[in-house]
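Engineer: Residues or ranges marked as active site in TrEMBL: E20, S149, S280. Annotation comment: TrEMBL describes D256, E269 as Mg(2+) 1 binding site. The Mg(2+) 2 binding site annotation in TrEMBL covers E269, N271. The domain 'ATP-grasp' feature in TrEMBL is assigned to 104-302.
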Amino acid sequence: MKTVIKDLKIGVLMGGVSAEREISLKTGNAVANSLVSMGYNVKKFDLDKNFFEDAKNIDICFNALHGTLGEDGKIQGVLELLNIPYTGSGVEASAIAMDKIKSKIIFKYYGLAVPDFFSVKKGEKAELLNKKINNLRLPYFIKPNAQGSSVGASIAYSKSELYLALEDAFKYDDEVIAEEYIVGREIQFAVFSGKPLGCVEIKPNDSFYSYSAKYTKGKTEYILNPDLTEEEYKACENASVLAHTSLDCKGITRTDIILSDSGKAYVLEINTLPGLTEFSLVPMIAQKKGIDFNSLIENIIEDAISCE
């Protein structure tokens, strides 16, 4: 398989127009540098006006985009129209996973535990919003419905804080999700091609795993061998695999889980294009399994080709 890949022109798509552009550039450059170091034929390109021209000259696309257009099924649809194989999940899985509300509904259908939640649309009438608020216990975790990297996310401990949090989240999306804040341990579990890869426990210095905590060195403690009982580990593993398969995801996903004090694994969301930077969790988890960064990147490309 590696001999076949060596003959391919690999396009690493990065950047884009979302609020996660800078993180995407870091992921894309890390991937491209890895491939070049192994002797692959690589072209880096951005999601700009030259995209269609650039795409004509590649055999496979390594999708390193994050957020809007890159992670929500849109670029996946374009690549399929162009008949270009790509890494990551397909159109439908990407679109649903990016939509936190729709994905939670599907997770619940498959029996996964998710926090109680409600959605709020920009301009929604105050009386309707107040009715929703009264049906959910404080504190709330507020986030845009279709953003990643905790962009626009915050915790609201009171109704007054909730209104401020909604105002901030609406800067990034016209629909916002408010979910019950579950107290517990934050576990990030990676799944590759439907099989569990492993997990890491995160302990941010901030009140939650914020954008700053994710991408600022020293602001989060990463525990690669978390102190979990066999039952707790299996609960997280089973939830992550089911989250992956219930949406028919491909390639690598990373599921955000809160493990409650009672040992219940609550699925918060699934990331279909997890970051691949020096601070990213999937490379840490893979390294723990004996898979170095170069091998991880090769495996992702091989998986994309085998799914064609």
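Here the Cβ of each residue, glycine as well, is placed from N, Cα and C on the backbone.
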Engineer: Roughly how many Å lie between the Cα atoms of D256 (Mg(2+) 1 binding site) and N271 (Mg(2+) 2 binding site), rounded to a whole value?
Structural biologist: 8
Engineer: Under 8 Å Cβ to Cβ from E269 (Mg(2+) 1 binding site), same chain, six or more residues apart: give me those in sequence order, or none if nothing qualifies.
Structural biologist: A97, K100, S103, K104, T255, D256
Engineer: List nothing but the one residue from N271, S280 whose Cβ has the fewest other Cβ atoms within 10 Å; the candidates are the recorded positions.
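Structural biologist: Looking at the recorded positions N271, S280, the Cβ with the fewest others within 10 Å is that of S280.
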Engineer: Taking 10 A as the limit, how many CB atoms besides its own sit near the CB of E20 (active site)?
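Structural biologist: Cβ-Cβ neighbours of E20 (active site) within 10 Å number 26.
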Engineer: Calculate the distance in Å between the alpha carbons (Cα) of S280 (active site) and E20 (active site), and round it to a whole number.
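Structural biologist: Answer for this pair: 14 Å between alpha carbons.
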Engineer: Just the number: how many Å between the Cα atoms of E20 (active site) and N271 (Mg(2+) 2 binding site)?
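Structural biologist: Between the Cα atoms of E20 (active site) and N271 (Mg(2+) 2 binding site), the distance comes to 13 Å.
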Engineer: Which state, by DSSP, holds S280 (active site): helix, strand or coil?
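Structural biologist: In the DSSP reduction, S280 (active site) maps to coil.
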Engineer: Need one number: mean pLDDT over the domain 'ATP-grasp' (104-302).
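Structural biologist: Over the domain 'ATP-grasp' (104-302), the predicted model scores a mean pLDDT of 88.
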